[in-house]
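Asks: Okay, handing you the structure first.
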Amino acid sequence: MITRPIILVILCYAILMIVQSFVPKAVALKRKPDVGGFMVEDQRTHKSHNYMMKRARNDVLGDKENVRPNPYYTEPFDPDTSPEELSALIVDYANMIRNDVILLDNSVETRTRKRGNIQVENQAIPDPPCTCKYKKEIEDLGENSVPRFIETRNCNKTQQPTCRPPYICKESLYSITILKRRETKSQESLEIPNELKYRWVAESHPVSVACLCTRDYQLRYNNN
């Protein structure tokens, strides 16, 4: 006759076997995938997208030629095979650029804003507050200079009535290189070809090419 202790031992053993059969399934459900580092959160939907493409274990281990030590061998990402993942990745990357602001002290500040709430200011150059008149003159540099005649545009030295303070008409100077016939061997010259340096010297000459309306900063500092 079976005693009560033996029945109790058999019952405990059966319960232990049942519990062990359900434990692997519960652990498998709770276990997170080992590719969490490749998950990118969509900031608009707060959902995670996995951008790592896995090959099936059977596809890798089934063919002897494709046997590799890593069953999760990844292939190059092809945009045509998964256009939805590619578009989501581009959106997430744009969100990261939009939200991360690099400050002057090299720190990163995260900011959020609504899409489409971007104001673009008009960056057009404003018209000058006045117009300046100029006078064309022909400057003669002498018969030993090449070129000999240069056209200049000189401003009127007096305050023009169309340009009122704090603005003033000012000449815009441009330096040109001219050739002058060498008079002495000790004359200083800019760099010129060897076939010219024995008879000619190169000099920089300023030329007034325009008359522009600009702010008179000298008048401003004198008033302060």
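Along the chain as shown, residues are numbered 1 onward.
Glycine is no exception: its Cβ is also placed from the backbone N, Cα and C atoms.
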Asks: Which candidate, CYS130, CYS163, CYS211, does Swiss-Prot give as the disulfide partner of CYS155?
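Replies: Candidates were CYS130, CYS163, CYS211; Swiss-Prot matches CYS155 with CYS211.
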Asks: Among CYS12, CYS169, which cysteine is annotated in Swiss-Prot as forming a disulphide with CYS132?
Replies: CYS169
Asks: Could you give the Cα-Cα distance between CYS155 (disulfide bond) and CYS169 (disulfide bond), in whole Å?
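Replies: With the alpha carbons as reference points, the distance is 7 Å.
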